[in-house]
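Novice: Structure in structure tokens, see below.
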Amino acid sequence: MAAYQLDDTSLPAALPELPFAFARNFGVVLTERQGTPLLLCRPGVAPQTLLEVRRVAGCAFEVEQLGSDEFEELLMAHYQRDSSEARQLMEDLGNEMDFFALAEELPQSEDLLDADDDAPIIRLINAMLSEAIKEEASDIHIETFERVLVIRFRIDGVLREILRPHRKLASLLVSRIKVMSRMDIAEKRVPQDGRISLRIGGRAVDVRVSTMPSSYGERVVLRLLDKNNVRLELKQLGMTLANRNIISELIRKPHGIILVTGPTGSGKSTTLYAALSEINSRDRNILTVEDPIEYDLEGVGQTQVNTKVDMTFARGLRAILRQDPDVVMVGEIRDLETAQIAVQASLTGHLVMSTLHTNTAIGAITRMRDMGIEPFLLSSSLLAVLAQRLVRTLCPDCRAPRPITEQERLAMGMELAPDQQVWRPVGCEQCNHTGYRGRTGIHELVVIDEAVREAIHSASGELAIERLIRDHTPSIRRDGIDKVLKGQTSLEEVLRVTRED
């Protein structure tokens with residue numbers, strides 16, 4: 001690693017920020033180290049580049065050469081380090097908008113940090129998307145009311161108000177987003193769905209867009225799928241070692257059905273992707289039918305549902321079974337037809353994985369029966385049901401211990417030491433003063449043993465099956481409470497996501 005000094009001049013009051021496009025194309029990052037200007041560069045930077053940076057900076061700087069991979073990581077970290085710039089772009093928008101900017105297409109492949117377009121509405125959208133990615137938001141809500149326009153981000157599963165731009169921006173903002181997502185810009189009376197694929201700071205991001213008419217204009221929700229921020233290993237999902245070992249064994253079975261249940265946004269798809277990634281190999285043919293394809297898995301054949309051309313889950317699943325699969329993943333079992341094909345596939349030598357929108361693991365069994373699946377078929381095919389939720393994890397920099405109240409001891413339903421403490425959120429700069437940073441899963445894994453199989457075959461009720469499994473299967477709330485006692489999350493979080501249980 002080399003370091004050398006250019007000619008010395010005085011340091012300006014504020015070191016200029018090099019444009020991202022220049023920094024990436026020419027391989028330089030201008031920063032400071034202990035008050036001294038420092039130019040970090042990748043190998044082979046041209047002398048002309050150093051002279052140009054010297055001219056722009058107006059001062060001397062040290063030059064330090066990094067390896068190519070190290071430089072790329074530092075480049076992205078440097079230009080994503082300060083989210084206040086993105087927020088300032090949004091707050092500084094004037095009241096006068098350039099209406100002609102709406103007609104200008106933003107190329108799908110353009111990197112938003114490269115954008116040099118001064119149209120305020122485009123700057124607003126660019127800044128909003130960049131800010132959401134930096135905050136690791138899963139959704140952006142743009143809500144129009146009588147007097148205000150509200151932008152909210154869903155961060156760690158909880159909506160947080162970010163900004164209230166000028167109310168007059170509403171129609172311009174919605175129209176531009178509809179243009180980007182290939183929607184009918186003139187149709188405002190019916191809901192529409194669209195999709196945007198773009199890059200932000202070198203990161204591939206898919207955006208699912210949904211609009212809906214409301215009293216004072218259209219509401220827009222953007223679901224962000226940051227392909228660089230997905231955890232595709234079972235050990236990263238927060239499972240206990242025992243559950244992880246059981247899941248690892250189950251997904252290597254030659255045939256049967258494994259179901260993952262939980263409400264929307266509980267991480268079901270991520271769990272399935274992690275399971276497929278673990279067993280993905282050259283000697284297995286793994287095929288999926290999804291709506292939508294959230295993440296690309298190398299070596300896995302993935303098919304997108306398209307109801308406009310009658311490409312449904314059921315039709316896709318039928319076609320997949322003619323493609324000689326070993327493992328089949330169905331994004332969701334929504335109807336009897338899909339359920340019947342999935343069961344038949346599992347009985348004819350295929351391992352099938354899918355999701356159901358039920359609140360409990362046992363609820364998945366009764367849901368399949370209610371759909372019309374015969375109990376004897378279900379008992380023969382079902383291997384296991386995994387119920388899961390996501391809870392926010394406490395910020396390790398500011399969490400603080402507190403005693404447990406008597407009411408909380410009753411809610412936890414387990415014997416605890418008299419001086420047992422739990423942790424509470426406090427809030428600091430590291431967690432944006434929320435007390436939480438990131439999320440983890442809590443799980444309940446029901447393995448279908450002979451006793452449960454017999455209960456399903458005899459059409460026993462949900463409560464009867466619940467009694468059978470509870471002796472040897474910890475509930476999802478118990479798994480959450482174990483994480484509370486370890487200081488990973490708060491009791492309030494676990495109670496929030498498991499109240500219906």
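Placement of Cβ uses the backbone N, Cα and C atoms for every residue, glycine included.
What you are looking at is a predicted structure, and each value in this text was computed from that prediction instead of being measured.
Among the features that Swiss-Prot reports, ATP binding site is placed at GLY262, PRO263, THR264, GLY265, SER266, GLY267, LYS268, SER269, with the record citing sequence analysis. Summarising the annotation, Swiss-Prot assigns Zn(2+) binding site to CYS395, CYS398, CYS428, CYS431 and lists similarity to another entry as the type of evidence.
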Novice: Within the same chain, and leaving aside GLY262, PRO263, THR264, GLY265, SER266, GLY267, LYS268, SER269, name every residue whose CB is within 8 angstroms of the centroid of the CB atoms belonging to the recorded ATP site, in sequence order.
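Specialist: Counting only non-site residues, the set is THR355, GLN388, ARG389, LEU390.
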Novice: Looking at the binding-site residues GLY262, PRO263, GLY265, GLY267, which sits with the largest number of other Cβ atoms within 10 Å of its Cβ?
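Specialist: Result of the Cβ crowding comparison: GLY262.
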Novice: In whole Å, how far does the CA atom of GLY265 (ATP binding site) lie from that of CYS431 (Zn(2+) binding site)?
Specialist: 21
Novice: Taking just the CA atoms, what is the gap between CYS395 (Zn(2+) binding site) and PRO263 (ATP binding site) in Å?
Specialist: 25
Novice: Rank aside, I only need the closest one: which of the binding-site residues THR264, SER266, SER269 has its C-alpha nearest to that of CYS398 (Zn(2+) binding site)?
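Specialist: Ranked by Cα distance from CYS398 (Zn(2+) binding site), first place goes to SER266.
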Novice: Which residue, of the binding-site residues CYS395, CYS398, CYS428, CYS431, has its CB surrounded by the fewest other CB atoms within 10 A?
Specialist: CYS428
Novice: Return only the integer: C-alpha distance in Å from SER269 (ATP binding site) to CYS431 (Zn(2+) binding site).
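Specialist: Spelling it out, the Cα of SER269 (ATP binding site) and the Cα of CYS431 (Zn(2+) binding site) are 26 Å apart.
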Novice: Out of GLY262, PRO263, SER266, the binding-site residues in the record, which is closest to CYS428 (Zn(2+) binding site) when you go by Cα distance?
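Specialist: Result for CYS428 (Zn(2+) binding site): the nearest of the binding-site residues is SER266.
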Novice: Rounded to an integer, what is the Cα-Cα distance in Å between CYS431 (Zn(2+) binding site) and SER266 (ATP binding site)?
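Specialist: It is 21 Å, counting Cα to Cα.
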